[in-house]
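**Q** Got these off TrEMBL a minute ago, pasting:
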BINDING   Ile97, Ser98, Phe125, Pro126, Thr127, Asp128, Thr168, Asp197, His200, Tyr222, Trp252, Thr278  pyridoxal 5'-phosphate binding site
MOD_RES   Lys223  N6-(pyridoxal phosphate)lysine
Amino acid sequence: MNRRDEATRLDSHDPLRAMRDAFALPQDRVYLDGNSLGALPRCVSERVRAVVDQQWGRDLITSWNVHGWVNLPLSVGEKIAPLIGAAPGQVVCCDSISVNLFKLLATALGLRPSRRVVLTCAGDFPTDAYMGQGLHSLLGAERCEMRAVGVGELADALDETVAVLMMTEVDFRSGRRHDMRELTAAAHACGALVLWDLAHSAGALPVDLDDCGVDMAVGCGYKFLNGGPGAPAFLYLAQRHHNQVTQPLSGWFGHAAPFAFDPDYRAAPGISAYQAGTPGVIGMQALDAALDLFTGLEPASLRRKSLALTGFFMEGVAADPALAAMEVLTPTEEARRGSQVSLRHPEAHAIAQCLIAAGVIVDFRDPDIVRFGFAPLYNSFTDAAIALQCLSTVLSAGAYANERYRQRAQVT
Ligand SMILES: Cc1ncc(COP(=O)(O)O)c(C=O)c1O
Ligand SMILES: Nc1c(O)cccc1C(=O)C[C@H](N)C(=O)O
């Protein structure tokens, strides 16, 4: 059976295939970039229209109470919680990952006052280290020292100076998935806390924060949760760490009584204290609607589909002699794989541009990686087969050598 027929067969047996219809995907494109920006759920268009026209347009400021706008950060947080293995009361939806990292890193240093090191994995998405570097400038080297090491050196680097280990579960370049349970236990064994970045996990694979004993986590709403460009992020802090440290972005939405307008800050109890200012209601409502698509779905079913898609794609790459020059960076071992396949080639940028021009939307990561993101809610095996065919044609024809594919855009 050829790959297209095999894809058709797999699609017909896919228990999640009906979910694709919940998305407004363009007919003439194959979208494999949900690991950067999730596709548009139809229910989000409807919700945003209703929020703008009826809630904002007609009910105006009464909507903060009447439509529950004021509670959105907590209510949306509660909708995200089951997707990341968190019991109620520990997740709030607000701000961006970057901003939430600042709050949590400061909290971690406050919870471990005799330690100063934030240990990170070299090569993780840079904003995580950037936020730590900002904290270092603010607090000084005696209170905050950033230390980045390779994955293989993490175990040795965990010593009594480390306050917190900050790791991304799925590497944005390679798609490699780290062992959350094992690394969390290793950090705890040396008395450190652990903070996981779930940007490339939430909505694509099961995460068991409570069960793994994780202390803190962040993640974003615009990738596999499909909340739209710039959707609010989320933040998790385990119950046992609540009410001990005042997070530094102490804005009025995290105050115990915001509408008492006290001159002095008094933190709200629990996770609510991790809010800062007024939530972006339209973005929050878009994410809230998008999360409804996960209702009743087992995260394990998403994982099965994601692994089947990435596995099918990787097999196709391995079987095609035209793709021999593309190095597969993503682990073939399922437990170590996220929901993307990354291929390395010296002409990766031009190859990605050729694919996009042919209607297969992928992205490029400097200097030489083409990423194929597989969103289990809406990608099909046929998407993967079309992408394989297109990639094969691009490489066999050498189309990427054309000068017009070499222009670099501002956002890649
Ligand atoms: C792992 C990871 N962390 C953080 C970010 C950035 O998050 P934000 O833009 O919400 O601060 C991204 C992607 O943009 C990411 O892939
Ligand atoms: N957040 C992004 C943005 O504002 C513009 C373009 C891309 C992004 C991304 O999410 C990039 C993504 N974190 C990555 O894995 O590379």
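Cβ atoms here come from the backbone N, Cα and C positions, even for glycine.
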**Q** Rounded to a whole number, how many Å is the Cα of Thr168 (pyridoxal 5'-phosphate binding site) away from the Cα of the residue listed as 'N6-(pyridoxal phosphate)lysine'?
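**A** Cα-Cα, rounded: 15 Å.
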**Q** Which three-state DSSP class does Thr168 (pyridoxal 5'-phosphate binding site) fall into?
**A** strand
**Q** Max Cα-Cα distance in Å among Ile97, Ser98, Phe125, Pro126, Thr127, Asp128, Thr168, Asp197, His200, Tyr222, Trp252, Thr278, the residues listed as binding pyridoxal 5'-phosphate?
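**A** Across Ile97, Ser98, Phe125, Pro126, Thr127, Asp128, Thr168, Asp197, His200, Tyr222, Trp252, Thr278, the widest Cα separation comes out at 30 Å.
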**Q** Report, in whole Å, the straight Cα-to-Cα distance of Lys223 (N6-(pyridoxal phosphate)lysine) from Ile97 (pyridoxal 5'-phosphate binding site).
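**A** If we compare the Cα positions of Ile97 (pyridoxal 5'-phosphate binding site) and Lys223 (N6-(pyridoxal phosphate)lysine), the gap is 12 Å.
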**Q** Same-chain residues six or more away whose CB lies under 8 A from the CB of Thr127 (pyridoxal 5'-phosphate binding site)?
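**A** Within the chain, Thr127 (pyridoxal 5'-phosphate binding site) has Cβ neighbours under 8 Å at Ile97, Ser98, Leu101.
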**Q** Can you tell me the CA-to-CA distance separating Phe125 (pyridoxal 5'-phosphate binding site) and Lys223 (N6-(pyridoxal phosphate)lysine), as a whole number of Å?
**A** 14
**Q** Using DSSP with the three-state reduction, classify Lys223 (N6-(pyridoxal phosphate)lysine) as helix, strand or coil.
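**A** DSSP assigns Lys223 (N6-(pyridoxal phosphate)lysine) to coil.
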**Q** Which three-state DSSP class does Ile97 (pyridoxal 5'-phosphate binding site) fall into?
**A** helix
